[in-house]
Amino acid sequence: MAETHSLQDMRPQAAVAAKVFIQRDYTNGTVCQFQTKFPSELETRIDKQQFEETVRMLNNLYAEAEKLGSQSYIEGCLACLTAYTVFLCMETHYEKMLKKIAKYIQEQNDKIYAPRGLLLTDPIERGLRVIEVTIFEDRSLTR
Amino acid sequence: MSAVMITRKVRKWEKLPGKNTFCCDGRVMMARQKGVFYLTLFLIIGTCSLFFAFECPYLAVHLSPAIPVFAALLFLFVMAMLLRTSFSDPGVLPRALPEEATFIEMEIEAANGNVPAGQRPPPRIRNVQINNQIVKLKYCYTCKIFRPPRASHCSICDNCVDRFDHHCPWVGNCVGKRNYRYFYLFTLSLSLLTIYIFTFDIVHVVMRSVDNGFLNTLKETPGTVLEVLVCFFTLWSVVGLTGFHTYLISLNQTTNEDIKGSWSGKNRVQNPYSHKNIIKNCCEVLCGPTYPSVLDRRGLMQDDSLVSATGAAQSSSSSNSTLQSTHAVLCLQKTTAPLIPNEHTPDDAKPSIAASAEKSPSPKEELPPASKLPPLASPETDAETSIAKDKTH
């Protein structure tokens, strides 16, 4: 699992002011999608478009991971024929996508969110239930 | 009297709440009661051993050597599916961490507004629209989350499981999103194996009786009688169960939804998850993506515990965790972890002093598991709906 606490290790001085939790969006069923509604707590910190773009991108990545297409069917049938032993040596499509998602979140944190005193937690660490956004205290205002 | 705080690395499975048993340093995850699972193993391995010992030598010579070969392959497939179902994470949803739980509570309070004193607050339900149907999401008081659609709380394992089907004592685990297809393939292949062994038992007895006479045959191969008995009784239950699950899969329903009658009845909501196409439903359930476990059982985490100077370790983790964090020991472990996992958060690194780690029973979710002879499926007992039916398939 990707370690997303690295940014917290780098800034031990910053205190957590609040945490916002972006909930799941179930309008299309049980597929993993998150609500793109912009939480009010982040209004002062980040641009609405930017944030919605991040969540939309994450939704696309998760949708691709759970896509029911020929690739998933072939993977499923092949795995069944080998009594699922093929997964001992091969990574599943979903796992590959999760790695991509972890990389994307790390990238977004480094480029966009950390400079604004925010931190996105990979939803896999919260059971794919929420995207946890940690808001750090804005030190620049207190100086 | 001074106390020393020691920090050491433990695997996350040691801190997981819920009544699961973990083996092989977190690689294997099962329910606590495993007696019936051992019985299942014994019946399958025992019957197949008898088949290979008594029937196969005769049939290989007199009919075809392909018969024991195919039986062996089928037996291996059955065992693989059984072990896969029993040992894998069914799709357990981790409990909410304190901040998330508080955030949800605040949202609920804001939604409820002011409740006059003396009145019970309204039930914690969230309505979502799924494919143009209104589905109610219930709040789980134990896990402190709003359960995703199709998830349910298993009182035997004390976990919320995604796409909860039922808790199966025969495989010693819950059947949920991640292991449903293995469970189905297990019942299907076991049906085939039972029919196969039963058929060739009869063929064998008939062929031998022609030469030696019926009673002599039974004397020569006493194992056959035992096999026929086991197969006869197994056939009815397992084939019936396979048929039932085939029906559920074609409609994209879970056993839990079927028992509760979620999608049946005139005024009820129609199943919003069904593709209205049998082939598509089957493909989604059996050949859909393989969902990963969100539990991260083998990840490492910090465990802060207070050790008093008198020497008695007041740690909240299980007693053998120091061993476990360094070797992969093949032994069964019971976790006595606190209600909410003790994860190291950036702002507070408070030591966990809860020595007894007794879970405070939440007002609505504590119900004892079924105490009678284990039926084939034990539906989860949800206090909010007050359904305590037990259906034997």
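From the backbone N, Cα and C atoms, a Cβ is placed for every residue, glycine too.
Pulled from TrEMBL:
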| type | residues | note |
| --- | --- | --- |
| TRANSMEM | B:36-54 | transmembrane segment |
| TRANSMEM | B:66-83 | transmembrane segment |
| DOMAIN | B:136-260 | domain 'Palmitoyltransferase DHHC' |
| TRANSMEM | B:182-206 | transmembrane segment |
| TRANSMEM | B:226-250 | transmembrane segment |
| REGION | B:339-393 | region 'Disordered' |
| COMPBIAS | B:351-360 | compositional bias 'Low complexity' |
| COMPBIAS | B:368-380 | compositional bias 'Low complexity' |
Q.
Using Cβ atoms and a strict cutoff of less than 8 Å, what residues sit near the transmembrane segment (B:182-206) while being 6 or more residues removed from its termini?
A. 44, 47-48, 51, 54-55, 58-59, 63, 67, 70-71, 74-75, 77-78, 81-82, 84-85, 88, 165, 168, 171, 175, 214, 217-218, 221, 224, 227-228, 231-232, 234-235, 238-239, 241-242, 245-246, 249, 285-286
Q. What are the helix, strand and coil residue counts for the domain 'Palmitoyltransferase DHHC' (B:136-260) according to DSSP?
A. 76 helix, 19 strand, 30 coil
Q.
Quick test of the contact rule: Cβ under 8 Å, at least six residues beyond the ends. What residues does that give for the transmembrane segment (B:226-250)?
A. 43, 46-47, 50-51, 54-55, 183-184, 187-188, 190-191, 194-195, 197-198, 201-202, 258, 278, 281-282, 285-286, 376, 393
Q | Model confidence over the domain 'Palmitoyltransferase DHHC' (B:136-260) (mean pLDDT, whole number) | A | 92
